[in-house]
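Chemist: Feature annotation from TrEMBL assigns active site, proton acceptor to 337, 338. For 140, 201, 224, the entry in TrEMBL reads NAD(+) binding site. According to TrEMBL, the substrate binding site annotation covers 247, 269, 272, 338, 371, 425, 430. The feature Zn(2+) binding site is assigned by TrEMBL to 269, 272, 371, 430.
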Ligand SMILES: NC(=O)c1ccc[n+]([C@@H]2O[C@H](COP(=O)([O-])OP(=O)(O)OC[C@H]3O[C@@H](n4cnc5c(N)ncnc54)[C@H](O)[C@@H]3O)[C@@H](O)[C@H]2O)c1
Ligand SMILES: N[C@H](CO)Cc1c[nH]c[nH+]1
Ligand SMILES: [Zn+2]
């Protein structure tokens, strides 16, 4: 009996040779696998209640889901002084780690800053694009099953680099427990308002506004399935960054990395949430068994054993494929939030990687480094949305306006073109508007 089965490690074993492989993989990856009808119904009900009853509903849901006993929004609001106290009271090592992470994240995002641009045509017409920040951004910092000071930095620092005027942070505090590292990070990152609310009710408050919580222009940040489902539902009323739901890791291994390292990499995302997803893909059968055995050995030593066990049993997989080409096809199909290329020559793989939120290249690049301090953002698209979404960045806090300034000569040149096309559309006012400006 292998150690994996001896320890009761429950995780799906799939092989691309299995006749039912496609169906099993589809089921494993389905969005509905986590955001089922019950979640959708509950989120819809919460959004509606906050929209119609404002603060009162916000207080009710916070009391219910975060086990609080609040009777007013004042009890769910933190002022700048409380954030500063938290920062100043931090142990030296934590304050330094936070500052180092903040510096690295800020520096990375400075590289993303898009500039406005314009060019002038020969007739004097100027065309361009003006980049402007959103006025007010809402940042969601998760807090149900773990506290996420790193998510404060990842959300707020790019907003600052983008020039956002006002940052409103929401973070749940289950059982009323405040996490000083989270508050200190909010101080360090220059957050303007903090409300201790979470889940779909916090997303609703940011989207619609309440008597106390200001309505924002865009909501960003990661969260559990209630948060991700709510963000999806309010999109249109308010901007959102992406679907950044339960964490995911796909490790592709060529068999040359220490199985203990890979077991812990898989656990690192599984420990976030029962809905998180950790998948290993390899064409080396013996290596797959070695990783399974390493997982079985390490599992009983984990503080969050129960969450990891459930996540692996419900959503995890160890996939054996035929060869490197099949591994590439699989990784692009899965389009994971985090892709660890635990292979000898990750640069050679890169041109073939089309869909992944972030790519961790080589045996030494633990995904966990990216979670905290490498520099790139850890708010990343999940559930296959890396096919069309990107990491949270400065660009998420900005919009672009087109600029058109015609010279008199330019208006005469473009007028006939516009007029001809407008008359082809039977839009006479358009045509005449252009024609008025044509000079003989
Ligand atoms: N994709 C990313 O970029 C990224 C980054 C960091 C974290 N994450 C993910 O964020 C999530 C954080 O989850 P969390 O739970 O710790 O914190 P959270 O803040 O996302 O969710 C907690 C809130 O969920 C709501 N909730 C919980 N159970 C509910 C229920 N039965 N009905 C209605 N509402 C309910 C409550 O309002 C609670 O305040 C994890 O899934 C983690 O993997 C993702
Ligand atoms: N892995 C998470 C993104 O899915 C980010 C994070 C924060 N802290 C630890 N991990
Ligand atoms: Zn993580």
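Backbone N, Cα and C atoms are what each Cβ position is placed from, and that goes for glycine too.
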Chemist: Which binding-site residues among 140, 247, 269, 371, 430 have CB under 6 Å of ligand 1?
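Modeler: Among the binding-site residues listed, those whose Cβ sits under 6 Å from ligand 1 are 247.
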Chemist: Going by DSSP, is residue 371 (substrate binding site) sitting in a helix, a strand, or coil?
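Modeler: Note: residue 371 (substrate binding site) is helical by DSSP.
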Chemist: Around the C-beta of residue 338 (active site, proton acceptor), how many further C-beta atoms are within 10 angstroms, looking at every protein chain?
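Modeler: For residue 338 (active site, proton acceptor), the count of other Cβ atoms within 10 Å is 26.
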Chemist: Which recorded positions from the set 337, 371, 430 have a C-beta atom lying less than 6 Å away from ligand 3?
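Modeler: The recorded positions passing the 6 Å Cβ test are 371.
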Chemist: I'd like to know which of the recorded positions listed (140, 201, 224, 338, 425, 430) lie near ligand 2, counting only a CB under 6 Å away.
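Modeler: Correct list: empty, so none.
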Chemist: Please work out the number of neighbouring Cβ atoms within 10 Å of the Cβ of residue 247 (substrate binding site), leaving out its own Cβ.
Modeler: 26
Chemist: Hey, does DSSP put residue 430 (substrate binding site) in a helix, a strand, or just coil?
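Modeler: DSSP assigns residue 430 (substrate binding site) to helix.
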